[in-house]
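I have placed the structure first, in the form of structure tokens, so that the comments after it can refer back to it.
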């Protein structure tokens, strides 16, 4: 031992006078001239992973040269490793008294308090149990409510009568009702002018025109309600098509004598008519309150994921039926079925069958690998290609169809590239709704708008509709792309897992960091070792930054791209080429006929029927003995959700919510002076329809709002051009659907397909991305409409 100490002292005296053999640089981390015996002792106490790192090799060489011959052997490769000496307990938080490597194996030692964990789990269990009881109580309460409503109230009876009114005749029809206050909802069909045409007539023309007048009267007292005059058509009434008109008549009397319905005509010929009336219709103010409560209930159940999305829609839709039953408007079963948009359900069902059979061929896997090859494994080019293809297809195909075709490809592509499909799918469906806004056939609200008779008479056809909308949609696409780039500027949000190379490097850095933190600040020799470790840390961190920067641009590392591509091509091939040819033929037929819908002369088969014909064709060509596997892949949950949503929206319309929104918009526009009326009308229509369609399904909303728009455009006192109002409604109703998960049909379909593949898109997830993007849509569309129609008067 004395001999060893003497050698160490001699070595220390020589080392003080010698020049360092290595420079202090990033690449030469150790200066051998500073390696004292104390520094070697500190090095010996480091964990094995740190101690034998190549950058600390000079420590090992010096140790082997000067000390390995002594009684303190350097043991490795399975030999007994030296223990760390107990250090001063001046910094117990550094775990200085642990054995070598004890704190660096990636395992943090924590106090094992079993009793504390048991109490915490018991508390969580009790909270979960309480939440379950509250949920079940609420759901059973809803069930009890609408069950009692159906048991206690009969279906609403709509009384229909037919008659004819001769010149100068006044007819009386007894309602067999004796009340002080009575409201009657009347629906007349006969040779009447449309409501829009009647609004265009000025005061003097209105007085001169022939009218059909209806009112309520209590025969015993002579008290009458406010009369309802309806302008009759010019010309012969015989074999006329007839026009439906509706209104609510109210009367208040001092006695409860019988009240009758009376009518007369100023025409010179008999006027045939059909009358349908309902006693005591739903009060508008009360109905809107109930509608808002029901809508809030639906969103609470969906946002907080209390129950399954489909089940929530079914329960709230049935509760809405219970409410209108109590209010005296319970629908019959045939009427309830008529509320369903069978066209949309048929389109969805047929396209699901086509996609299910196409998936069996391996085509979606092949397209995913091909897209990976085209984009060379780069992240944002990949997302850009997917979104661009989706938007382009949605301009001429229905966006629901586009989403059904693109979602399986996107999910498979994300799985191949180890990306999270949810943000990519949300981006894709946003662009699907944007693309569908550009043409009259791309989105259901546009189909409703373009097919309206007043819109067609205003000269709006496929060509000028597309021309006016496309430029604005291009601007919206640019805004959406850059906004999504900003939202996902941290590309780690787009990945399922951090790349393995980055994980390994971060783990290595954490080991070195903990090694540095374990060294006490007690001597110069310890500082020498610390300085070397910190230099190594800086080198590793610089390497990590380079890898993260490369990872943010590429899904697959550049050096392994070709190897990965070869493996993917070998793994994902077309599995059934004959079936692929049959499926391609059937889908091509459907797509071609969809394109033909843009030509009015060839638009004889609806979208739903076209898809059904394609599905029948493919099932025939596939010649399957057992259809069960294919039918199992149909998303029945999504179809049921749509059905429940259609019933709910029609019930909300019965309660007056949709009409209230339209009436409020119209009233606000009427209050503005003529100079700025067009600008205010554009802004109001765009934002009201946009925000409303984010929370209310845009199909019934558009059906109501298009009536408001045509009424505003035909009102002579307002003097507003109808074309800009139509564009504003189209932008708002279609783009507003991007705001929430249930705002547009394509959103629901995409979520349903993703859930079938094991990826759940929650309401909150979609809202966080979709709603800010939707606000951006409306801002860009507002600027575009004001510039085109208020500055340059494009219309």
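Including glycine, each Cβ sits where the backbone N, Cα and C put it.
Annotated features, as they stand in TrEMBL:
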COMPBIAS  96-122  compositional bias 'Basic and acidic residues'
DOMAIN    299-732  domain 'Citrate transporter-like'
REGION    70-122  region 'Disordered'
TRANSMEM  133-153  transmembrane segment
TRANSMEM  284-304  transmembrane segment
TRANSMEM  311-328  transmembrane segment
TRANSMEM  348-372  transmembrane segment
TRANSMEM  379-397  transmembrane segment
TRANSMEM  465-484  transmembrane segment
TRANSMEM  579-599  transmembrane segment
TRANSMEM  605-622  transmembrane segment
TRANSMEM  634-658  transmembrane segment
TRANSMEM  678-696  transmembrane segment
TRANSMEM  769-794  transmembrane segment
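For the transmembrane segment (678-696), same-chain residues at least 6 beyond its ends with a Cβ under 8 Å from one of its own Cβ atoms are 295, 299, 445, 649, 652, 657-658, 661, 664-665, 668-669, 672, 702, 705, 709, 712, 720-721, 724-725, 728-729, 731-740, 743-744, 771, 774, 777-778, 781-782, 785-786, 789-790. Regional average pLDDT for the domain 'Citrate transporter-like' (299-732) in the model is 84. Only sequence-distant pairs (6 or more apart) were considered; of these, fewer than three Cβ pairs between the transmembrane segment (133-153) and the transmembrane segment (579-599) are under 8 A, so the stretches are not in contact.
Taking pairs at least six residues apart, the transmembrane segment (605-622) and the transmembrane segment (579-599) share three or more Cβ pairs below 8 Å and count as touching. As a quick check, the transmembrane segment (769-794) and the transmembrane segment (311-328) miss the bar of 3 or more Cβ pairs under 8 A, pairs 6 or more apart, so the two do not touch. Non-local neighbours of the transmembrane segment (579-599) in the same chain are 351, 354, 357-358, 360-363, 396-398, 401, 405, 439-441, 462, 605, 607, 610-611, 613-615, 617-618, 621-622; each lies 6+ residues outside the stretch with a CB under 8 Å from one of its CB atoms.
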